[in-house]
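Since the structure comes first, as structure tokens, the remarks are kept for the end.
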Amino acid sequence: MLRIADKTFDSHLFTGTGKFASSQLMVEAIRASGSQLVTLAMKRVDLRQHNDAILEPLIAAGVTLLPNTSGAKTAEEAIFAAHLAREALGTNWLKLEIHPDARWLLPDPIETLKAAETLVQQGFVVLPYCGADPVLCKRLEEVGCAAVMPLGAPIGSNQGLETRAMLEIIIQQATVPVVVDAGIGVPSHAAQALEMGADAVLVNTAIAVADDPVNMAKAFRLAVEAGLLARQSGPGSRSHFAHATSPLAGFLEASA
């Protein structure tokens, strides 16, 4: 069971809504993933009506919506988008995204921290997308963010956990949930994130652009479950030396 702020989730896999070939395929994949928290870019939906092609099926699916501020380049733009989302969707939950460079889509740490502090004070449950910077993640936690969402690699790159060393530090020091966001390309990446201690992963591109998004969503669901179970089972420690699983010494001595 995963708890973030006032909500609990059985699934440790969060999903996105972008890049799917159709809204129907998007919903089928989300259902197959078992995800209970789904991100939604405000720039992609018509907030004036709940029968929007993306919004309506998500509401019908009964998932928790996590509007994001993707497209915002400054703290001010993100705060403005956050208030639009709260008014339209009736939720205080927000994935804070500020990335001024359209080529790399890397989060702006200064603007993100600035916006996070303001939004928390205004009553939002803030989940910030950020670089895998342990110092920044701690600062975001200190200003009241409900979770932190450090990247594994650039958005949509499918490179996996390129920031693993920094993610391990973030996980070790965090007192709020850590959700690895961006760059996860195959189910094994998700399993590794859960094994190393992440509380959840957010996956969008890897599912949406797969030849079979529904089955890929199932694969991610199973990978996250496997990674979590492996961590909870207490894996053995690593060693530089070999350790025989079936020592022969006693057997040979007895047979001499």
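All positions are counted from 1 along the displayed chain.
Cβ from N, Cα, C; glycine included.
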Per Swiss-Prot, ALA182, GLY183, ASN204, THR205 bind 1-deoxy-D-xylulose 5-phosphate; matching candidate in GLY156, GLY234, GLY236
GLY156
Cα-Cα distance maximum in Å, computed over every pair in GLY156, ALA182, GLY183, ASN204, THR205 that the record assigns to 1-deoxy-D-xylulose 5-phosphate
9
Measuring Cα to Cα, how far is THR205 (1-deoxy-D-xylulose 5-phosphate binding site) from LYS95 (active site, schiff-base intermediate with DXP) in Å?
17
Are there any residues at least 6 positions away along the chain from ASN204 (1-deoxy-D-xylulose 5-phosphate binding site) with a Cβ closer than 8 Å to its Cβ? List them or say none.
THR15, GLY16, THR17, GLY18, LYS19, THR39, GLY156
Under DSSP, is LYS95 (active site, schiff-base intermediate with DXP) helix, strand or coil?
strand
ALA182 (1-deoxy-D-xylulose 5-phosphate binding site) to LYS95 (active site, schiff-base intermediate with DXP) - Cα separation in whole Å:
13
